[in-house]
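A short write-up of the structure that comes next.
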């Protein structure tokens, strides 16, 4: 059974979070006398070491009593693709323990108590420096190498994620020299310091474990605290109905690149992306696909994850706003907005037969559609901001009127969504007929490069469908009718004579 000293571990601190969260593994705390009483062993013996990742602050300690625990609340299985490469080595420390025991000022009368003290000293050696400061992962690995060299300890077996003996989250030690009897030390002898804030506490144990005298396999558990951060991406799209509103839509794609490669994710119907389990390291975020009619965000957001915190890096694109602190769910939030593609259009009101003659005083509104069966929608513009588009309205009284300028005949609209829209003339220039057709115009990336001419016809030469021509037709018809009637009466009178 593994013995723990919780008071000791409270002093270890945040540098080895796993050691503060749980007691280090200390197995086989029976005395040497009781161990020797259980001397029967199997010819072939396997120690299955299960590497676990703590994913909850409320997770309880795992008691390594030799049994297979299966799924454990508060922990998840180690995953090489997410948690980085690791390596474990097993050592026989029988001689090192005897050497340590002989070097003590006060001899131990009980080997169990001596082994306990030996365990605690090793744990401290691999967690704190001489001044009591927490060691980093790289410093821990260096301290282990120093200890092993000074005690001339050679691994009985070393297993990493590229060698035989590793499967999923399990490292199976079964080489010659590993038996169900003796004192052993298992160390995490290599770890990806960019992925973890601590490495597994050393496992120092005496075999056989209680209740496993005749076992051919035992199960032990190594625990890491790998800080994982789950940021959220909140995406909102400018509304084509009202440019001051933003709505959520699905289908915008982002590419996240980090220490373990790249992945693409797409916003859901709520405009969100949940980014799961980011380990420590540097990341970039780029928009790779947006919706039709919207401008693709350019540049790259650069940020760093460190022990559960996120910070934007220098040179990061400014289109992502990072929350100052985690939300109610404990997640950092990237707030991102997409804007519609917009452009400008200038018009000039001219005489139909002489386009050098600029016409002032013509008035127009902008319609959204030319469908006679559709409900009319009118553009509302900000006349204090260069006639910038604001929204659509179904109320004609709210529509903004554009007026051709004196001398130049110019008028314009700015900041309008890409697409084809329609001018409706509501007042003609003085002396000209009112146009009864809708005048289409297109907003795109080149629409501001050319001024569109809008023509009118003078009353002197009535435009097709205008009142002037009908007046002439009526007068002509009356004259022709009168002449016919006069001819008819005259002929009738002559015949009567």
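The backbone N, Cα and C atoms fix where each Cβ goes, glycine too.
TrEMBL: automatically predicted annotations, no manual curation.
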Annotated stretch (transmembrane segment, per TrEMBL) among the listed ranges 445-466, 467-488: 467-488
When TrEMBL is consulted, the range among 12-32, 33-53 described as transmembrane segment turns out to be 12-32
According to DSSP, how is the domain 'SpaA-like prealbumin fold' (347-457) divided among helix, strand and coil residues? 6 helix, 53 strand, 52 coil
Is it possible to list how many residues within the domain 'SpaA-like prealbumin fold' (250-311) are helical, extended or coil according to DSSP? 0 helix, 35 strand, 27 coil
